[in-house]
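Now, the feature entries from Swiss-Prot:
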type     : residues               : note
ACT_SITE : Thr9                   : active site
BINDING  : Gly164, Cys167, Thr170 : Na(+) binding site
Amino acid sequence: MPLPQVRATTILAVRRNGQVAIGGDGQVSVGDTVAKQRAVKVRTLKGGRVLAGFAGSVADALTLFEKFEEKLERYPGNLPRASVELAKEWRSDRVLRRLEAMLIVADVEHGFMLSGNGELIEPDDGILAIGSGGAYAQAAARALMRETQLPPRDIVEKALTIAGEICIYTNTNITVLEPTR
């Protein structure tokens, strides 16, 4: 009998007017059961200047965070280069290629979505979303960006709340981070 699928998360990052915020919900589901309600799937890196969040396997994501931190050390202050180098290694390394996670990384200048199949996307509108409720959070964030002057933190909170009201694999126990100055 196959193990039930672990479904975890909605992660959203928003950049606007020289500010950035990233957030994630707290739900982890195993099959059709909520296994955890207050998981934290976002963190700060590089002394608080870089924000990161993951969807997918926790162990795989932690491995990728370590690899990404190595890239940030090798290319200090250059989030685009560190992201490209991680995407290249993730895609070409036999072990890393099997990791089942997606990452969002962002600072005040750039934001990227990375995946193991070689995807490296920097959106035009400064909105990045991954995970089971990602499309709902992205749609809500786009509407809030177009129709309000809210700062990124508020957009992330409100959009993730909306996603949590729609997606059964997303809740409203939200963690939001901003870079430290």
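Note: Cβ is positioned from N, Cα and C throughout, glycine not excepted.
In the three-state DSSP scheme, Gly164 (Na(+) binding site) falls into the helix class. The residue listed as 'active site' has Thr170 as its nearest neighbour among the binding-site residues Gly164, Cys167, Thr170, going by CA to CA distance. According to DSSP, Thr9 (active site) is assigned to coil rather than to any helix or strand.
Take the mean position of the Cβ atoms of Gly164, Cys167, Thr170, the recorded Na(+) site; other residues of that chain with a Cβ within 8 Å of it are Thr10, Asp25, Gln27, Ser132, Gly133, Tyr136, Ala137, Leu160, Ala163, Glu165, Ile166, Ile168, Tyr169, Asn171, Thr172.
Note: Cys167 (Na(+) binding site) has non-local neighbours Thr10, Ser132, Gly133, Tyr136, i.e. same-chain residues 6+ apart with C-beta under 8 A of its own C-beta.
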